[in-house]
Structure formats: C-alpha cells, structure tokens
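Asks: This is the structure I want to talk about, given as structure tokens.
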C-alpha cells in the first residue's frame, strides 16, 4: 500500500511536467503495485527457504546412525537480503529465484497421513439431505406439480364450501359415484386380457364402491327401502361371483362372498325373519358349493364356513327360543351337509394335483361346531344329543364307505372314519356320567396312540391325544357336578368314582408318553409330545390326589398327607429315571424328583412359620417316610448329576428347616432368644459346608464338590437376610437384662459375621469378593458396630427405637461419634505401625466422616452435654492419632502395591 501511494505521487509529479497528470498518476500506481508484489514474493521466498532448511536439518539428524558421528556437509548459507536486493535492483519485474544449493539433500517422500474416519451426519442433516434429494432427483416436475395441485384443489374446495356452491342433492351425488364406479368396472373388464392385475384391482375397487354406495343410500340417507337395497346387494354379489369364476379371480370371489354375508347385516332393521336369513345363507352356501365344483379355492370355503356358523351362532345367542327349533334345525342340517361335501370336492382332482391335502378345518371343524350348535338348540338334553351324535356317526360311516375304492381319497376316508368313531364314542357319555365318560375316552385315546404307532399313522396318534383331552374335560365336569351337587353321596371313600376316573386318565397319559418314547422315532415333535403327555399325566395325578386329600383328610393332617404324596411321587419318578427313558422324557422324569423335593422344602418352611411340630403325630410319619424314601430317591438319581445335586441340596435344607421348626416349637422361649435358637441349624449347615463337608455328603459323596458351592451360596443368602434384618431390630432379651455384644441378637450377628469372613477366604466364594475381602468385612463390621451402638443407646439410654428419635438424640449421636472415632483411631494406628497404608487410609476416611458428622449433625447438639462431649472426644482422639500414628512410609506403600 505504501509503494502504491509513493509511486502514484511520483508519477503524478513526473507527468505534470509533460502535461499528463492523470496518465502519470496511473503509471505510477501500476509501478507501485508491481513493486509491492515483488517485495511480497521476495519475503515469502526467504520464509520458505528457512523452513526448508530447518526441516532438512531435522531429517538428516534423524537418519544419521546412532554410533557414527554426524559427518554431513554443512548446508550452504542462504543468500542475504542485500544480495537479493542487488539481484533484483535493475529489473522492473521479479526474476526467477536462484537455484537451491547443490549440497542440500533430496527430501524423502513423506508417507501420506491416514484419512480420518468419516463423521456420520446427524439426524437434521440427513433429513435436510433427503428433502433436498426429493426436490432435486427423480421426476421433479411431477412431484412439485402434484404438491401444487393438491394445494390448489384444497383451496378451491374450501372456497366453494365457504361460498355455498357445493349444495348438490345427496341422491345426485350418490348417483354420480355409482355411475363412475360402473364405468370403472366396465373399463376394468375390458382390460382383463392385456392388464390382468390392473383390471382385477380396478374391478374390485369399483365393486367395493358400489356396495358402499348402496349401503349409504339405505342406512345413512334412507333413499332405498330395505327390500330394494337387499335385492341390489344380491345382484351385485351374484355379478361379482360370475366375474370371479369367469376370470379365475379368487380375490373377486372373496370380495363377493364377504359382501354377500354382510348384506343382510348391513340392511337389517331388526324385524326380519330368521327363515329368510338362513334361506339366503343357504343360497350363498350353494354358490360356494358350485364354485368348489369348478375351483379349488380353500380360502373361499373357509370364509363361507366361518361366516355361516359364526353369524348363525350370533343369531342363536341373541334371538333363539325353543319354539324356533323346528324352523332352525333344517338349516343346521343343510349347512352341515354342505361343508361335509365341500372337502370332497376340494380333493376331486387330487390325482392331477398331488400337492393338495385335506382341509382339516372343514373336515374336523364341521362336526364339532355342528354338534355344539345342535346341543344349544336341544338345550343340552342328553338323550336327544346322544341320538344326534349317533346319527352323525352313521353319516360319516356312509360317506367313508362311499369313497372306499378311491386311493387318492384315502386320507379323507380315514378322517371320516375317525370322526365316525369319535362321534359314536361321544354318544356314550351323553347318556352316562361325566366321570365314566372320561375313563372311556382316556383308555380309547391311549389305544389309538398305540395303534397309530403300530400302523405308522399320525392321524390316529393325534386323535388319541385329542381324545384324552376330551376325557380330561369330561372328568372336570364330573368333578364339578359331584362337588357342588352330589358331594354327600359320592364322598364315601378314597376309591370314589371321580378319583378312579382321574386315575384312569393318569394311567392313559403315562402310557401314551411311554408309547411316544419307546415306539416313536427321534423326531422333535414326537419327543416333545412325550414330554407334554408325561407332564399332563403328572399334573392330573397330583391334582387328583390333592382333591382326594381335601375331601377325605382332616385339615390338621393335610400337610403330612401332602408331604407323603410328594415324597412317594418323587421316589416313583426316580425309580423310573433309573432305567433311563429315551430322549427328553428321561430328563424330565429325572427332574421331577428334585423339583418335588423343593416343594417339600417349601412345605417345611410353612411348618416353621405356623409353629407346627414336625416330629409329632402324622408329621412324624411323613418325616420318617421322607427320610427313607428320600435316601432311596437320591441313590436312584446317582447317574443324573444335575438332578442329584438339586435333590441333595433340597434334602439338606429340608432337614435344616425341620430342625429349626422342632426347636421353635419344643423350646418355650421368645424374643431374640428364639431367633438365635432357630438360626442355629442354618449356621451349623454353613459351618459344616465350610469346614466339614464330608459329614453331610451322604448318600452321594462323589457329588459334594459340585454341591458345596450352591449350598454355601444359599446358606449365606439366608444368613445374610437374617443378618441384615437383625441390624434394624431393637433387641429383646427378656427375661434377661440387656448386655452389649452379649445379647442373643448380637451374638447371632457376630456368628454370621465370622462365618462370612471364613467363607470369603474359601475358594468357593466369588473371586471378586475374595479380592475385596477386607473392604467387605470392614463395611459389614462398621454396619454391625453402628447398629450395636444405636441399640445400646436405646436399651441403656432410653432413646426410642425409631429413625427420627435416634437421629435427633444427642446421646445416640455422641455414642456414634465416640465409637466411630475409636475404630478410626485403631485403624489409623494399626496401619501406621504395620506399614499398611490402606488400613491407615480407612482410618483416615472414618475420621473424616466423623468430622463431617460433627459439622452437619452434632453441631446442633452443642447446647447439651452429649453434643459437647462429642466434639471434645473427637478432638482428643484426633490429638492422640496425630501423636501416635503418622502416615506409613511411602516405600512400604510402594512395596505393598
């Protein structure tokens, strides 16, 4: 800038002499610009050379060998500023810079820097990018045009509505919509050959619009009477059905069927005849039958089945009366025959289409739903319903016999035959009791399972399983009737009709599970079915026995009877597991025994809570039998290690709980003394597992290493819960006086603390806990000391045992200050004398906590002696610490680390 001004002034002065002031000024300005640019380039060149010199010097020093002295030639000195000025003094424009010195080494190629990982854009950036791409990519004019068009149409409609220009009669509007729909239907029909997908979609949409239009004209605006609306809907449904068959369009057929079934509902006024309704549905089902003759559309068949029986059931629930039986029964029978024949039509061309299978929903659902509806029509009268089932069985026998020579219909023939057997079987219990029905069904089901495996027919097997489910339903009904209506007459002995019926059901379930395990292959479905049947039978066995115990055993003896039931069941399962049943069934049977042992342990806990003596009366018998059969059960599970470990774990805990219950009832003491005595067996169990595991290893000593860990974890879980609860107990030592640390509650807490310290040094404890043993014991110890101090203030100082009273008591706060300070003092001195910096640090932290407590809490008690004593005591103890316990030497701390 200075050169520009100077040269411009000089040029203006020089041009004044020749009469060209302006020209001289411009020329001087140009020369000033060139001079300034030249000076700038010269300065930048000097800086670049200096930077290059420093870079090469550092590179050469880094590449020189460490052992040899540096011998590189000195770099030629840079040209000085005066030499550069001399070089450029005579030239009006910048000249090329002089060549670099020859002695400079060639720079090595610097490795490229690895690119940084791309930064992921945030959500706002992504959204903005997508919006930008939407407006800049693709068919942009159409997108923008549609947006503008929508906005314009919306504005136009709003304006027309505000101006009152849309008052068109509703009849005209509906007519216009119907005309547009008919036009779309015609256009879709013409496009059926060239654009089939488009044509069918357009036809379906047009028909839907027509159906909605008719409904709106009838229901919303009352422009059509009900009869006319129904006729129009019927015509539309028929037309859609014809279009569907002509174009082989299943979607149109489904639409037509839906509209057909909904038409009476949409046009109903609540005053119509059920005969007309069911006649109309009969016509629809006849149409489905005709379509099934030409097309194998399973969805259409299912839709008709569900709609027919669903709407019929809804009408029956809402409108049926016994006097309407004669006019309703023919339609039920007609629909039953329709959907009996439709599966046969579905398989009519099975030889050409081998992939087809029977329609199980129609084959098995039709008799089931029809029989249920028949029972509702007959008001569940047993004898007429039995004859109905028998008549249905005869029908199925007839149709199965009629297709006996057609091989491709073999599976349908077998299904009909099975249904005939089932319906004939069902006719039996309708005239007999529910319990006897369950027995017959259960045995027949087990027989069908066995026959299915012998003949390798899955249908028979599943029919047998389903029949056992029906048997269970019958037994439940029998239980209900006898319990509520006939209990005094039937509850005469253990071998009453209900008990025996359920027992037969249990035998059938266990037999079926055995068939699946022994006669089946290793298919996952069969293996799981065996497990499910076993679980089913086990639940029925336990439930049946529990109900019988409730009926025949007094309330006081029920716990003993239940224990005997569980121990006998566990022993029986263990005996079965000893023979190793196949597949998952063996594992499930083996798991049953320890699972029942766990339940027995829970019942023993109930005895402990209720104060029941387990060593008297029937409880003593249950305890002795449990000891004998429990030992045998564990012996049978010897080869099932996980199950045996759980069983023996439950076994040991059961005896522990029984001992605690016996002590609780036998020794007439109360308060904390009872707690101490009741907790002695769990403490003994924890000590034995820690110090003498061989004493409790029988009858499976080989599994003790695997049992010891879970046993210790559970023992210290129980002890920990009781210990944590004991921290918040006030302490009841009656009839003896309270002595700090020598009362039963704190003695129990001390025992638990010592056992915990022993366990934290054992290999069975978690490694993380073992590594932090000192920290854990220190924290638990401080909690115990705090609880004991507050308890002493309550018992000896009369402070109420409540959180608020203890917090505001100057005596309790002074006691805590003194005790915490003493323990902080001991830790401080111990850590200093032994060179253990962490112990010293714990004491320092404790003293810091006490100091904070003084400032925040005890400060409010400075108006009484206890608060003053807190401050004085803390001050004295800190003085003692400062005199006796300096920090340990840093060398010891470093060595310790």
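Any Cβ shown, glycine's included, is placed from N, Cα and C.
According to TrEMBL:
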type	residues	note
TRANSMEM	6-35	transmembrane segment
TRANSMEM	166-187	transmembrane segment
TRANSMEM	199-222	transmembrane segment
TRANSMEM	415-432	transmembrane segment
TRANSMEM	465-484	transmembrane segment
TRANSMEM	499-519	transmembrane segment
TRANSMEM	615-634	transmembrane segment
TRANSMEM	646-667	transmembrane segment
TRANSMEM	673-690	transmembrane segment
TRANSMEM	741-761	transmembrane segment
TRANSMEM	773-790	transmembrane segment
TRANSMEM	810-831	transmembrane segment
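For the listed features, I'd like the structural context: burial, neighbours, distances.
Replies: Same-chain residues lying 6+ beyond the ends of the transmembrane segment (615-634) with a Cβ under 8 Å from its Cβ atoms: 557, 559-561, 563-564, 567-568, 570-571, 574, 593, 597, 600, 607, 644, 647-648, 651, 654, 658, 662, 699-700.
Residues of the same chain lying 6 or more positions beyond the ends of the transmembrane segment (673-690) and with a Cβ under 8 Å from any Cβ of it are 608, 652-653, 656-657, 659-660, 663-664, 667, 696, 708, 711-712, 715-716, 718-719, 722, 726, 733, 744-745, 747-748, 751-752, 755, 758-759, 762.
Long-range neighbours of the transmembrane segment (773-790) within the same chain, counting only residues 6 or more positions beyond its ends whose Cβ lies under 8 Å from a Cβ of the stretch, are 726-728, 740-741, 746, 749-750, 753, 756-757, 760-761, 799, 806, 812, 815-816, 819-820, 823, 838-839, 842, 846.
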Asks: In the same chain, who gets a Cβ under 8 Å from the transmembrane segment (499-519) while lying at least 6 residues past its ends?
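Replies: Those are 435-436, 438-439, 442-443, 445-446, 449-450, 453-454, 464-465, 468, 471-472, 475, 478-479, 526-527, 529-531, 533-534, 536-537, 540-541, 543-544, 547-548, 581-583, 585-586, in sequence order.
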